[in-house]
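Here is what TrEMBL says about this protein:
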- B:Cys100, B:Cys103, B:Cys140, B:Cys143: Zn(2+) binding site (BINDING)
- B:Glu115, B:His132: Fe cation binding site (BINDING)
Protein chains: 2
Amino acid sequence: MEQRIDRIKKQLHSKSYKLTPQREVTVRVLLEHEDDHLSAEDVYMLVKEKYPEIGLATVYRTLELLTELKVVDKINFGDGVSRYDLRQEGAAHFHHHLVCIECGSVDEIQEDLLEDVEKIVESRFNFEIKDHRLTFHGICYRCKDKSE
Amino acid sequence: MEQRIDRIKKQLHSKSYKLTPQREVTVRVLLEHEDDHLSAEDVYMLVKEKYPEIGLATVYRTLELLTELKVVDKINFGDGVSRYDLRQEGAAHFHHHLVCIECGSVDEIQEDLLEDVEKIVESRFNFEIKDHRLTFHGICYRCKDKSE
DNA sequence: TTGTCTGCAAATATTTTGCACGACT
DNA sequence: AGTCGTGCAAAATATTTGCAGACAA
């Protein structure tokens, strides 16, 4: 935890940004909820518990900053809100998501799985892939078990 | 064109909805801009040219209806707006997108390409896939040619 | 002191909703 | 008459921006 914060601090410094208390609390909240997919409002409320004076705009600005640094990815599952998802350190590619249309749960897939597909796309469409977003919508294992 | 409108009309009727003039104009606009990825506001302005009395709310309600019928898919490329993309008639799966981070263009890939990946996901995660969203971000062939 | 960062409030942007009226059956 | 659909205006939601003051180098 401390080490990851330290590395993020260095990333900020390398672009002449500071790890202010507000930013640090925000990063801690994200690390503590690594498996969730928090909206800006979610993050704001969790940060408020530890640092009540913070403003919503600061949270937005921090999340934007972290997105720029590729510490988090801004994702969108089709409800009206942006969500912020910590990138795995050192992961070459952004992970995928399984969204359950029954219960709304969101699970993550860390495996890449797209290597072959990307090769085809790059050669067939002469498109140089820098990043990807892949989401499957369907029924999760929990809901499948429930309905049996 | 007329045949596609006719089929959409039948789809509406099968759920007790009517193809009102406003809805028909909206569908025509979507068909005429099949390759684009129009926002609700875009659609509104194009519909207004043919039917100036229409209200923005009606366009939103129509797009929602068409989404429910799976005539269009509501997509989101990470800018703040939802875009509406006509589904290929009879296509088993939603098509994929190539978003250029240089020029902002959005191209479509009609090939599925995900069959193998989906098999793995279904068995490994016991997740029943109903739909998917796949977007690649990178440099399109136009921008690559330009910079050479 | 200089520039960065923050909180607050106001502004903006997008989408949704309430409601009275109109069209069609 | 009854239902569905519409336009308008207002509301709701999500996000961004302006600005004056706080803070650290």
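Glycine residues also receive a Cβ, built from the backbone N, Cα and C atoms like all the rest.
Note on B:Cys100 (Zn(2+) binding site): other Cβ atoms within 10 Å of its Cβ, all shown chains, come to 21. Cα to Cα, B:Glu115 (Fe cation binding site) and B:Cys103 (Zn(2+) binding site) are separated by 30 Å. The Cβ of B:Cys103 (Zn(2+) binding site) lies under 8 Å from the Cβ of B:Cys140, B:Arg142, B:Cys143, each on the same chain and at least six residues away in sequence. Contact with chain A, taken as any Cβ pair under 8 Å, is found for the binding-site residues B:His132, B:Cys140 out of B:His132, B:Cys140, B:Cys143. Under DSSP, B:Glu115 (Fe cation binding site) is assigned to a helix (H, G or I) in the three-state scheme. Counting other Cβ atoms within 10 Å of each Cβ, the binding-site residues B:Cys140, B:Cys143 show the lowest value at B:Cys143.
Reported as a whole number, the C-alpha separation between B:His132 (Fe cation binding site) and B:Cys100 (Zn(2+) binding site) equals 20 Å. Same-chain residues with CB within 8 A of the center of the B:Cys100, B:Cys103, B:Cys140, B:Cys143 CB atoms, the Zn(2+) site residues themselves not counted, are B:Ile101, B:Glu102, B:Gly104, B:Ser105, B:Ile139, B:Tyr141, B:Arg142, B:Lys144.
Around the Cβ of B:His132 (Fe cation binding site), a 10 Å sphere holds 19 further Cβ atoms from the protein chains shown.
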